[in-house]
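To start, the structure under review is shown below, and the notes come after it.
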Amino acid sequence: MTKPNERLPFLDNAKLGMMFLVVYGHILEPSALAGSCRVASTVYFLIYCFHVPVWVFLAGITSKAKPSPRSLLGILCVLIVSQAVYFCFVGEMRRNFLRFLVTPWWALWFLLSLVLWKLMLPVFLRVRWALPVSVALALLAGCESHIGRAFSLSRTLAWFPLFFAGHLYGRGVLRVAARTPRFVKVSAVTTFAAAGIGLWFFPPPLQAIYEAQSYVVLGFSSVTAGIGFRALHLFVACALGFLALCLIPVGQNRFTKYGQRTLTMLVVHPLVLKILEARLLSHMGCSALMVVLCAVLAALVTWFSGAAVFHRAVTWIYRASSRTTSTS
């Protein structure tokens, strides 16, 4: 029996696996957005059906019922520094300063949402039927046209049920996933293959899978249609997410330690991909082989983004804010 604060190799392996999918999805993103490669788009859609929800679910597992101000400030400090670096790098600091202030750039939305989820958690722990209430809030949030990318509000509310469920039941889910027999793992692979075939013929609305904007902005014919899509997405995310966890290695291995560096990977990999975009990614063609090569590239970028030098820098930024608060 593991203690609540004990580190699980399975959890670190799962975090690393989802981080790889984050990077892989971002590498495929230009082709998916342009619609220039159907193979890449299908793989991209499949990844986005479950990898963000699982990532959020895992974050809920490691979150305490009462978050410390130091941890919240540390995350915000990493967010602010990363946001400034990226906006300077892409040259938007002067052109769009308001966006810099209110909208996290690319993958950085997760950091702001993480802070908000941690703040919401103790409140919802006091609410009766809190999990159904969080689901209802997630579905109704899309009805408000002003809830969107600003301050990452749409994603925060849309994915909070997964974060809350992770906090409540996450370790139990991991125990079940770790003990699944081989036929379940085979069924999981078969299910993912079937889902890929389905997405090939019936691709979902591209912008809708991000859950970053309201139903009106996304162009749904009615609020009911938007609620139905988000409810279906949550259901599919839970089903595919559990099957994905069943395929994750359970025990300690040579890569497990990198699962403890996913915060570093999250903030470093977008800069790496931006550098590669002009030199490499924009020149890649469209084929099944290209999609496979992108997976290899994603593994390399994930590993490089978690290098010790980057991890020490991000950890220093995270802890510097804590030292500031402790001495003030």
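Glycine is no exception: its Cβ is also placed from the backbone N, Cα and C atoms.
In TrEMBL, annotation is done automatically, which means it is predicted and not curated.
According to TrEMBL, the features are:
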type	residues	note
TRANSMEM	44-61	transmembrane segment
TRANSMEM	73-91	transmembrane segment
TRANSMEM	97-117	transmembrane segment
TRANSMEM	157-174	transmembrane segment
TRANSMEM	186-203	transmembrane segment
TRANSMEM	223-250	transmembrane segment
TRANSMEM	288-310	transmembrane segment
Does the structure show the transmembrane segment (97-117) and the transmembrane segment (223-250) touching, where I'm treating 3 or more Cβ pairs under 8 angstroms (sequence separation 6 or more) as a contact?
no
Long-range neighbours of the transmembrane segment (157-174), counting only residues six or more past its ends (CB under 8 A):
2, 4, 8, 10-11, 14, 52-54, 56-61, 63, 65, 113, 117, 120-121, 124, 130-131, 134-135, 137-138, 141-142, 147, 211, 230, 234, 237-238, 242, 245
Going through 73-91, 186-203, 223-250 one by one, which has the most CB pairs that fall under 8 Å from the transmembrane segment (44-61)?
223-250
Using a Cβ cut-off of under 8 Å, list the residues of the same chain at least 6 residues beyond the transmembrane segment (223-250) that approach it.
9-10, 13-14, 17, 49-54, 57, 135, 138-140, 142-143, 158, 161-162, 173-174, 177-178, 180, 184-185, 187-189, 191-192, 195, 204-205, 208-209, 211, 214-216
